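**Student:** Residues or ranges marked as pyridoxal 5'-phosphate binding site by TrEMBL: Gly278, Glu320, Pro321, Gly322, Arg323, Tyr421. Residues or ranges marked as substrate binding site in TrEMBL: Arg323, Arg360, Tyr364, Glu392, Tyr421. Residues or ranges marked as domain 'Orn/DAP/Arg decarboxylase 2 N-terminal' in TrEMBL: 73-327. Sequence annotations record features per position, and here TrEMBL assigns domain 'Orn/DAP/Arg decarboxylase 2 C-terminal' to 333-419. The N6-(pyridoxal phosphate)lysine annotation in TrEMBL covers Lys96.
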Amino acid sequence: MSRSAHPAGPRHADVYPEGHYTAPAADLNVLDEKVWARTVRRNADGVVTVGGREVSRLAEEFGTPAYFLDESDFRARCRAWADAFGPDADVFYAGKAFLSRAVVRWLKEEGLNLDVCSGGELTTALDAGMPAERIAFHGNNKSVEEIERAVRVGVGRIVLDSFQEIVRVAHIAQSQGKRQRVQIRVTVGVEAHTHEFIATAHEDQKFGIALADGQAAEAVRRALRLDGLELIGIHSHIGSQIFDMAGFEVSARRVVQLLTEVRDEHGVELPEIDLGGGLGIAYTSEDDPREPHEIAKALTEIVGRECEAAGLSTPRISVEPGRAIVGPTAFTLYEVGTIKPLEGLRTYVSVDGGMSDNIRTALYDAEYSVALVSRTSDAEPMLVRVVGKHCESGDIVVRDAFLPADLAPGDLIAVPATGAYCRSMASNYNHSLRPPVVAVNDGEARVIVRRETEEDLLRLDVG
Ligand code: LLP
């Protein structure tokens, strides 16, 4: 994909992403359950419902744009992950995908742990009552203040990301008279993308310590020497939105290889390994994600087999899914404002949100689906580009999709699978107000993150 400047001619954007599906679905009124939260249905009046609530009523009550999150689906996905890995493993939800105090309480109730990567996420977790020992603290440049607080409150583990951090955390722990449980994040030379992975000798990236050139082995050597640290294991995270299991398997194999080297050199068997997050979800009908039990089976088998071959006792495995838990559970509801047909090209449909509530399309060329949800329609499909209300032409929510040709201003449309990395990456661009997150469950809808107001904007602007 080219990101170079281009003249803004009429056809400049008229290119389908490679492998993009170009045919409309047979019936645009049918909601593909693969991309929608589990309780989403279309009722007898043709109105879409979630948790038994009609989107038209939800729009009246909470306004648009807004994210609607299916709480029972979220909880069911937590349970599916916990059940898939069983009692001898730990599931850490990656809070960066979407975090709020309600979410923390659901995680706690469903028996999940939590991965945080900033002081703000830590505050949210602790405020909502997540026990500190169930929290893992991540980040490639944690501040001294963040580390001091994490150690003080007693987080279950800090994932060390660099040589500097090994010393920094050890020093802080020691000065508090503590021994901090830590893992070392290694880069295993695997970079995974949606349908493929690349194995490289060195990973050209900011995270972690490379396995290559004995660097990770050296990090282990240093960590084992420091009194302030209790080294409990090795961590690896290979990427995000991954469908191909092979990358996880190579990663698991390489991490076990390091455990073997550590045992041989130090006579120490590190008791845990964390294989990170990254499992992909369906954004469109073309995507075919793996289920948690498939990934659990594959990882457990490979780790078990490799450890047996090396004569190691099997370590406790943990994983950190974010997107795969929250992503599919929410959709963004928008009202159509203007419609601009370009003969022979496409129709631009402008909604009342945009890149401020979903930056993923602009940032990653992400693909999304969209449906008319306030009514059904028998009109012909028209090729649309759903765009926002921001002051730039890259403000695209759904690049290419089909909506019925009788679409009109005032219709409600919804973009599914926006639970992960949409509200958490939302911005105030153009001084827009970040939308609320509304949890819907069993006929009840309640705001869990309220809509920003103009007062919120002015409160930060001290004049
Ligand atoms: N663990 C670690 C150490 C991570 O860095 C991440 C994500 C996860 C777990 C969770 O990965 P997940 O299961 O959600 O794929 N903003 C990007 C995704 C960035 C992922 C960053 N790290 C996006 O919108 O696609």
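Backbone N, Cα and C define each Cβ position, glycine as well.
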**Student:** Given a separation of at least six residues and a C-beta threshold under 8 Å, show me what packs close to Arg360 (substrate binding site) in the same chain.
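**Tutor:** Long-range Cβ contacts: Ala366, Tyr368, Tyr421, Cys422, Met425.
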**Student:** Hey, what's the Cβ neighbour count for Tyr421 (pyridoxal 5'-phosphate binding site) at 10 Å?
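**Tutor:** For Tyr421 (pyridoxal 5'-phosphate binding site), the 10 Å Cβ neighbour count is 23.
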**Student:** Return the member of Lys96, Tyr364, Glu392 nearest to Pro321 (pyridoxal 5'-phosphate binding site) in space, with distance defined Cα to Cα and candidates limited to these recorded positions.
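**Tutor:** For Pro321 (pyridoxal 5'-phosphate binding site), the closest Cα among Lys96, Tyr364, Glu392 is found at Lys96.
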**Student:** At the Cα level, what's the spacing in Å between Lys96 (N6-(pyridoxal phosphate)lysine) and Gly278 (pyridoxal 5'-phosphate binding site), rounded?
**Tutor:** 12
**Student:** Can you list the residues of the same chain, besides Gly278, Glu320, Pro321, Gly322, Arg323, Tyr421, whose Cβ falls within 8 Å of the pyridoxal 5'-phosphate site's Cβ centroid?
**Tutor:** Ala94, Lys96, Ala97, Ser240, Gly277, Leu279, Ala324, Ile325, Gly327, Ala420
**Student:** Identify which of the following binding-site residues, namely Glu320, Gly322, Arg323, Arg360, Glu392, place a Cβ less than 6 Å away from any atom of ligand 1, and list them by sequence position.
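**Tutor:** Within range of ligand 1: Glu320, Gly322, Arg323, Arg360.
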**Student:** Could you give the number of helix, strand and coil residues in the domain 'Orn/DAP/Arg decarboxylase 2 C-terminal' (333-419) as assigned by DSSP?
**Tutor:** 5 helix, 39 strand, 43 coil
**Student:** Using the residues the record lists for substrate (Arg323, Arg360, Tyr364, Glu392, Tyr421), what whole-number Å value is the largest Cα to Cα distance?
**Tutor:** 28
**Student:** What is the pLDDT of the domain 'Orn/DAP/Arg decarboxylase 2 N-terminal' (73-327) when averaged and given as a whole number?
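**Tutor:** A mean pLDDT of 96 is what the model gives the domain 'Orn/DAP/Arg decarboxylase 2 N-terminal' (73-327).
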**Student:** Within 10 Å of its Cβ, which one of these binding-site residues (Glu320, Glu392) has the largest number of other Cβ atoms?
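**Tutor:** Going through Glu320, Glu392 one by one, the largest Cβ count within 10 Å is at Glu320.
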